[in-house]
Amino acid sequence: MKRDHQEISGSGSNPAESSSIKGKLWEEDPDAGGMDDELLAVLGYKVRSSDMADVAQKLEMLEKVMGTAQEDGISQLGDTVHFNPSDLSGWVQNLLIEFNGSTTTPDPNFNDDSEYDLRAIPGVAAYPPVKSDPGLEITRKRAKTESSSSSSSTTTRPVVLIDSQEAGVRLVHTLMACAEAVQQDNLKLADALVKHIGLLASSQTGAMRKVATYFAEALARRIYRIFPPDSLDPSYNDKLQIPFYETCPYLKFAHFTANQAILEAFSMASRVHVIDFGLKQGMQWPALMQALALRPGGPPAFRLTGIGPPQPDNTDALQQVGWKLAQLAERIGIEFEFRGFVANSLADLEPEMLDIRPPEIEVVAVNAVFELHPLLARPGGIEKVVSSIKAMKPKIVTVVEQEANHNGPVFLDRFTEALHYYSTLFDSLEGSGVAPASQDLAMSELYLGRQICNVVACEGMDRVERHEPLTQWRTRMETAGVSPVHLGSNAYKQASMLLALFASGDGYRVEENNGCLMLGWHTRPLIAHLGLATRWY
């Protein structure tokens, strides 16, 4: 095996600036107790913060009384429903009177003011309750609206009993409200909202809770400008990609469909050269090498150029991957040559560095799986790389990218799109059949969580997760003179068979879009594979 190693020095992104918030972001208003609660005001309600403890105390008393009433066989109010009351405190007091008799004395410390609408009190999910019995679960019960007659002549009024589904809706609305406050640079409101997001998320389970937690963390990092020290370390992401590869079919689909396109392009060639823009652990290439070894007429001479980022411990990870692939090539009888290039950015590469041979001697393929979108953070980066690709004169260029729009100019739009996109991804992870407590699943979620943090918390050159939809990539490439090619129905059929390995394929969908392949969860496309060819061919 021949192997060369080169390091390309280039200007990378500056490390994310970290700053800690000293003291408070704003001064507290000493008269704030009489003001409207700003968290609820932004959601459209008028509620005084000073009223909340009193209402919570009355709800606690009502829970105790209702429990006693059920034991005594008094059930006329057990199914009473009170829908959208304008005076929640007064209604609770009336119920206490009906249970305990007209001699019950209202709490002297509670001042009722019907001017304020207490409908929106989120309960224990959003506000820590006053000390109460563990049985206080009024926010967890199913909301229902039905009427029943009481022993008195007064008209029955409905009550809102909030369940976890309603809390989930409120969680999403609060996430959106916090993102809007961030966009408007309202740090006081954003700070209040992001704290309540964590409390609301605790009332959820499964994918919703995990997604909300990651988005809350990302919002908090953006608000307080606190970033993890390894937020821009690509080598760490490369390691996290391994369990993500094992847990769900997205990377396997990307590698499989790219290999199929490359294999078809190499069908008649005696010498082939693959330039991998992101070698990582080299997981994509053993399958292609084995397919080439079985080719009728014998395998071609296979040359692989792998590009990767510098390692924090200065180890030569590319060399280690190259040696493993060389051992495989020797076992299956393929002539193999490997070269590794260390680069901070693909924009630092020049075609002359890669020893490109004439097309009549060697057929070239360029492979870019989730590698092009970070170039959008660097002015002129994507244009430079596309120009280099054209100079390499490849027969096939395989591009796999996230089918999402996380690169718009408006923060709230990016946040909304990211919330929908990653909610679907986390949902698919839970449906992939992996044990919920497995380490691979936890690492896969961390892999996606780091992407969420970058999309939401970072800006400028530090924001590298700039995903764009297939239509934009196709237009960009066509404008640069790199034309899409049809991937073929064979790749579609085999990709569909691949999905059967993951929870029998339930939920995953492959679709063809103008010659491109997309993999999604139910009706939402999540990644797209675009095959390209230079006009030289």
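Backbone N, Cα and C define each Cβ position, glycine as well.
Note that the coordinates shown come from a computational prediction; the quantities given were computed from them, not determined experimentally.
Feature annotation from Swiss-Prot assigns compositional bias 'Low complexity' to 9-20 (among others).
The annotation compositional bias 'Low complexity' is assigned in Swiss-Prot to 147-156 (among others).
For the domain 'GRAS' (162-533), the model gives a mean pLDDT of 92. Annotation source Swiss-Prot lists domain 'GRAS' at 162-533, citing sequence analysis.
The region 'Disordered' annotation in Swiss-Prot covers 1-33 (among others).
Annotation source Swiss-Prot lists region 'Disordered' at 131-157 (among others).
Swiss-Prot lists 169-223 with the feature region 'Leucine repeat I (LRI)', giving sequence analysis as the kind of evidence.
What Swiss-Prot lists as region 'VHIID' is 241-306.
Counted with DSSP, the region 'Leucine repeat II (LRII)' (320-352) comes out as 18 helix, 8 strand, 7 coil. Marked as region 'Leucine repeat II (LRII)' by Swiss-Prot on the basis of sequence analysis: 320-352.
The region 'PFYRE' feature in Swiss-Prot is assigned to 364-454.
The region 'SAW' feature in Swiss-Prot is assigned to 457-533.
Swiss-Prot lists 37-41 with the feature motif 'DELLA motif'.
Positions annotated as motif 'VHIID' by Swiss-Prot: 272-276. Within the chain, the motif 'VHIID' (272-276) has long-range Cβ neighbours (under 8 A, six or more residues past its boundaries) at 262, 266, 284-285, 288, 292, 300-307, 354, 356-357, 362-367, 392, 394.
Among the features that Swiss-Prot reports, motif 'LXXLL motif' is placed at 372-376, with the record citing sequence analysis.
Each residue of the region 'Leucine repeat I (LRI)' (169-223) gets a DSSP state, and the totals for helix, strand and coil are 48 helix, 0 strand, 7 coil.
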